[in-house]
Amino acid sequence: MATLDVNPELYQAQLADKIARLKAMFVDYSMPELEVFESPVANYRMRAEFRIWHEGDDMYYIMFNQETREKYRVDQFPAASRLINDLMPLLMDAMKGSPILRHKLFQVDFLSTLSGEILVSLLYHRQLSEEWITAAQALKQRLNDEGFNLNLIGRARKMKVVLDRDYVVENLQVNGQPYVYKQVENSFTQPNAKVAEKMLEWAVDCTQESKGDLLELYCGNGNFSLALAQNFERVLATELAKPSVEAAQFNIAANQIGNVQIIRMSAEEFTQAMEGKREFNRLKDAGVDLQSYRCNTIFVDPPRSGMDIDTCKMVQGYERILYISCNPETLQENLQVLGETHQVVRFALFDQFPYTHHMEAGVMLERKK
């Protein structure tokens, strides 16, 4: 994790800089007015990872300065959720007093939620014994007795010990409606939960009064699929990562949403299937008849690399395109293609990563008349 200067007094200035940069990047496009969604100024980040430094009998969390690579001690981390900050000193004190828990511990990862659940992963440069499991169970019990809703994972080379779950269940509010999301350790989740709620509300607003079905590429754990399902007859969503697909299935059931179908495919494979270039048994096995879907709208939330040219061409086949981007530079590249056939009708900046140069953007495109 990068060096971060969390200074609430500077929040508006850093946001203004992002607004100016994003507008400048798209000055050559006919863009509508930019909608801006702010972050909480502190305690916004639901995940955090720290290295562990051992110094005699002492042990503490450290991070590294990105520019100098110098380590520095971290006892509290203002970017992280209050839950993480509350747990950090108690966890460290408990581990310091346990030779078996501290021996060759080199990293601690936290995954917290707005729902109150938290998952802690302890990473070791040694194999984990039965003695470690006993000590870890006692640690978990001790912290839960202090009021935390905590699960623990121990990791070592080719080894993973789960006490008792390797996921948390998050609860996000979308226009007052609660949605339950299973978030699995080491799988992608939106790091800024409050901004994630705003992104979902914006996407729901963009797709009001939609007709037909929705196709979604790169759906992850179904984060957007579930919230958007209310605006469509059916949702067909694709995702390649197996843990994310399994989490998405859990989330569909937990939210009792009956019109979402998730299939495990890459965007590139799905493009081939849609164009009839290849047949996939997994589509048949899942009972998915692509020809039965009437998808007028497509939703894409690609990785930082954006969409490849073939996927862009496939996406151009839809009347409306909703595109969430964690890298506006690749969004810019993709818009050079999409802009041939579509025009941008909504444009948004989501400040997922305050006090960094990273920006999250959203655009809604409609086919040119």
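Backbone N, Cα and C define each Cβ position, glycine as well.
Straight from Swiss-Prot, the features:
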type	residues	note
BINDING	Gln190, Tyr218, Asn223, Glu239, Asp301	S-adenosyl-L-methionine binding site
ACT_SITE	Cys326	active site, nucleophile
ACT_SITE	Glu360	active site, proton acceptor
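This view paints the features noted in Swiss-Prot onto the structure.
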residue: Gln190; record: S-adenosyl-L-methionine binding site; Cβ contacts under 8 Å, 6 or more apart: Ala196, Met199, Asn223, Gln352
residue: Tyr218; record: S-adenosyl-L-methionine binding site; Cβ contacts under 8 Å, 6 or more apart: Thr238, Glu239, Ala267, Val300, Asp301, Pro302, Pro303
residue: Cys326; record: active site, nucleophile; Cβ contacts under 8 Å, 6 or more apart: Asp301, Pro303, Arg304, Gln352, His358, Glu360
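Within 10 Å of its Cβ, the residue among the recorded positions Glu239, Asp301, Glu360 with the fewest other Cβ atoms is Asp301.
DSSP assigns Asn223 (S-adenosyl-L-methionine binding site) to a helical segment in the three-state reduction. Close to the recorded S-adenosyl-L-methionine site, the chain also has Phe188, Cys219, Gly220, Asn221, Gly222, Phe224, Ser244, Ile324: residues not among Gln190, Tyr218, Asn223, Glu239, Asp301 whose Cβ is within 8 Å of the site's Cβ mean position.
Other Cβ atoms within 10 Å of the Cβ of Asn223 (S-adenosyl-L-methionine binding site) number 28 in total over all chains.
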